[in-house]
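K.L.:
Have a look at this one.
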Amino acid sequence: MRYIKFFKELNNKNVNLVGGKNASIGEMFQELVPIGIKVPDGFAITSEAYWYLLEQGGAKQKIIELLENVDATEIDVLKIRSKQIRELIFGTPFPSDLRDEIFQAYEILSQQYHMKEADVAVRSSATAEDLPDASFAGQQDTYLNIKGKTELIHYIKSCLASLFTDRAISYRASRGFDHLKVALSVGVQKMVRADKGSAGVMFSIDTETGFKDAVFITSAWGLGENVVGGTINPDEFYVFKPTLEQNKRPIIKRQLGNKTQKMVYAPRGSEHPTRNIKTTKKEWQSFSLSDEDVLILAKYAIEIEKHYSKEAKQYRPMDIEWAKDGESGEIFIVQARPETVQSQKTKEENQVFEKFKFKNPNEKKEIILQGRAIGSKIGSGKVRIINDLEHMNSFKEGEILVTDNTDPDWEPCMKKASAVITNRGGRTCHAAIVAREIGVPAIVGVSGATDSLYTGMEITVSCAEGEEGYVYAGIYEHEIERVELSNMQETQTKIYINIGNPEKAFSFSQLPNHGVGLARMEMIILNQIKAHPLALVDLHHKKSVKEKNEIENLMAGYANPKDFFVKKIAEGIGMISAAFYPKPVIVRTSDFKSNEYMRMLGGSSYEPNEENPMLGYRGASRYYSESYNEAFSWECEALALVREEMGLTNMKVMIPFLRTIEEGKKVLEILRKNNLESGKNGLEIYIMCELPVNVILADDFLSLFDGFSIGSNDLTQLTLGVDRDSELVSHVFDERNEAMLKMFKKAIEACKRHNKYCGICGQAPSDYPEVTEFLVKEGITSISLNPDSVIPTWNAVAKLEKELKDHGLTAR
């Protein structure tokens, strides 16, 4: 056949003939199907067929005339011309020989699947599409559940006409592509019955930070167009590549999306071949993929990335669409293309750490809305609410675009925006992809944004605070901090990072560092669990109906309270451990005080009213108590899961507020019973050296544990007898006090005597350079800092160590 190529005949060398999408499907069919990756079969109608059609009746010349002198920024003119061109293509009849070839290929495909008329997807594939430096994805149309020759011909024509939508013309103009040098091929691919299963998008790289060692997967019930189009908020998963390849099960994040609707087949004879129906409560409260499915997809992503990188002779992260057949249970890859944002950063750009931050971070700001952050920038301006494309011409440069959901035709408008906010969508929808590519901060999945905001309202959009994006009332000034990482000198003293928010882990791992000196368990409990641990242990007792319902809503997607608690904690710790792997990550077990626990959901039923909670029921004393022991065992199970199931053996454990040697023995026994034993698979167990008794009896504590991490905050409070929360005596609280320096010195010396680890993770080194200098000279193993202190402290330590070396001195 002259104008038809079956997928098995194609590979990536055929881009000019069948476009990037079809060439890539052919490549996978030839190279990846043999190693077990499933790809639905089909055929491509070549770009030669496109030119053949345009030669009929002089259509090509008419298109040239209609595009002459069109300014892509003149939205009204662009809309008129693009509509005229599409109508022209629709009105041009298929030559009979081309139509006959299409029908013959369709018959062969139907017979292959033992069907009279196969249900197929009809997809556009532009000859300049899916190249590493351009994201044509979604600019031309895709049609699902097409069945029969009449429908097939109609939707192939629809695909060809979609080469001239407003956005497609605008994009080509902005990238310097000649409109008549970009052709369109059409792919016809057997449908996967995802209408009875699930579908989505995955990337072999983190789309926000460029972290290379994670596969990011989005998923929803039904056909995948809702995920791609951003009309629902999908489930999200992260899988860590290095330990997955060691046959571990490193699902380091699961996030349940609301998935309010799903796309299914429409009855034959309907106006459209697919339709959306509401999901059931069970569906939106359940993950649309099992853990096994997530791991299969991640393995597919790794193999696809390896193949395309090998072929390109350079690292090539991939953007992949997948579908799970609800009838057979099989998972298929339906498209794969190079990722177009993170992969395009130059080596020089990757050597610069760029951080957007508010000029006055302590200024009080009113959060009015929040959703999923896209990118890491900040934008501010006046709101412009646009509910449909007809009003796009009212949008002014620098305004903030607020709409229900952006589809590919919105790009001319998005390019003018200082930020974008949508009611719906996830991190892999077209709006998110385009926002990343043009460098505009966007927040998607902001329920009710178009109702809560109004045109002309002044707001600030921040995507610089982690995975969650915030909309603030008013305009707040921001600045950009840029640091050249290539100039950083190595240090002998290890520089670690303190981290409490797993969502920032991938970003913070790009700072110069030797690992994590303090990962705060309690921050994960506070932000992910939200309920008192004992309220979960004891879910069916002592609960009001309201409280019980709130807790059950938090647990949606998980089998039971224990499954929820253990997996959520493991995911948070796993995310941090993966981000810094294989560098050490020291996790401090939970260290809430009773008044802090009391404020959590259900907490008032379990906590005493203490006069001085700072010195009360906290730390190790809580772990072995009869009332809290089971909750701590769950915590231990989560830590063991990170090391054993996820394979993240770089994670170490640290016990806070340990008062006596006897307490130490009790806690170690609980850890041992929960598969956390010092020395097993390289595990080290430290304690926070934050009580004077830890220093006074350092030799005894170090005979039980593998090292100290000095907690300068509590150690200063308890050595100087100062309530660190009291303003009346705050002037006395000073880690530079001579007594404190002696405490630090004694702790370091004790660790050296026992040849054990000694670090510091309190606030002192972040605040006082002279304390850092003292610790370096005393020979401390590591200094763990708040992220904003890492670079200046690193440079100061490198300079100090060089000066010591130049004078023939070394740390003690």
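Cβ atoms are placed via backbone N, Cα and C, with glycine included.
Copying in the features that Swiss-Prot gives for the protein in this structure:
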| type | residues | note |
| --- | --- | --- |
| ACT_SITE | His430 | active site, tele-phosphohistidine intermediate |
| BINDING | Arg520, Arg588, Glu690, Gly711, Ser712, Asn713, Asp714 | substrate binding site |
| BINDING | Glu690, Asp714 | Mg(2+) binding site |
| ACT_SITE | Cys761 | active site, proton donor |
K.L.:
May I ask which residues of the same chain, at least 6 positions away in sequence, place their Cβ under 8 angstroms from the Cβ of Ser712 (substrate binding site)?
P.N.:
Glu690, Glu735, Met740, Phe744, Ile760, Gly762, Gln763, Ala764, Pro765, Val771
K.L.:
Return the count of C-beta atoms lying within 10 angstroms of the C-beta of the residue listed as 'active site, tele-phosphohistidine intermediate', excluding that atom itself.
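P.N.:
That number is 23.
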K.L.:
Among residues Arg520, Arg588, Glu690, Gly711, Ser712, Asn713, Asp714 annotated as binding substrate, what is the maximum Cα-Cα distance? Answer in Å.
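P.N.:
For the residues that bind substrate, the greatest Cα distance is 15 Å.
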K.L.:
Relative to the Cβ position of Glu690 (substrate binding site), how many further Cβ atoms are located within 10 Å?
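P.N.:
Within a 10 Å radius of the Cβ of Glu690 (substrate binding site) lie 27 other Cβ atoms.
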K.L.:
Between Cys761 (active site, proton donor) and Asp714 (substrate binding site), how many Å separate their Cα atoms?
P.N.:
11
K.L.:
Can you list, in sequence order, the residues of the same chain other than Arg520, Arg588, Glu690, Gly711, Ser712, Asn713, Asp714 whose CB lies within 8 Å of the CB centroid of the substrate site?
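P.N.:
Here the nearby residues are Leu518, Asp591, Pro656, Met688, Ser709, Ile710, Leu715, Cys761, Gly762.
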K.L.:
To which of the recorded positions Asn713, Cys761 does the lowest count of other Cβ atoms within 10 Å belong?
P.N.:
Asn713
K.L.:
What's the most sparsely packed of the binding-site residues Arg520, Arg588, counting other C-beta atoms within 10 A?
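P.N.:
Result for the binding-site residues Arg520, Arg588: minimum number of other Cβ atoms within 10 Å at Arg520.
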K.L.:
Under a criterion of Cβ-Cβ distance under 8 Å and sequence separation of at least 6, what residues of the same chain contact Gly711 (substrate binding site)?
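P.N.:
Sequence-distant Cβ neighbours: Pro656, Met688, Cys689, Glu690, Cys761, Gly762.
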K.L.:
Whole-number Å distance between the CA of His430 (active site, tele-phosphohistidine intermediate) and the CA of Arg520 (substrate binding site)?
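P.N.:
Per the Cα atoms, His430 (active site, tele-phosphohistidine intermediate) and Arg520 (substrate binding site) stand 35 Å apart.
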K.L.:
Helix, strand or coil for Ser712 (substrate binding site)? Use DSSP.
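P.N.:
Ser712 (substrate binding site) sits in a helix per DSSP.
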K.L.:
Which ones in the same chain are close to Asp714 (substrate binding site), with CB under 8 Å and 6+ residues apart in sequence?
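P.N.:
Within the chain, Asp714 (substrate binding site) has Cβ neighbours under 8 Å at Phe657, Met688, Glu690, Leu691, Arg724, Gly762.
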K.L.:
I want to verify one value. Collapsing DSSP to three states, which class is the residue listed as 'active site, proton donor'?
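P.N.:
Note: the residue listed as 'active site, proton donor' is coil by DSSP, not helix or strand.
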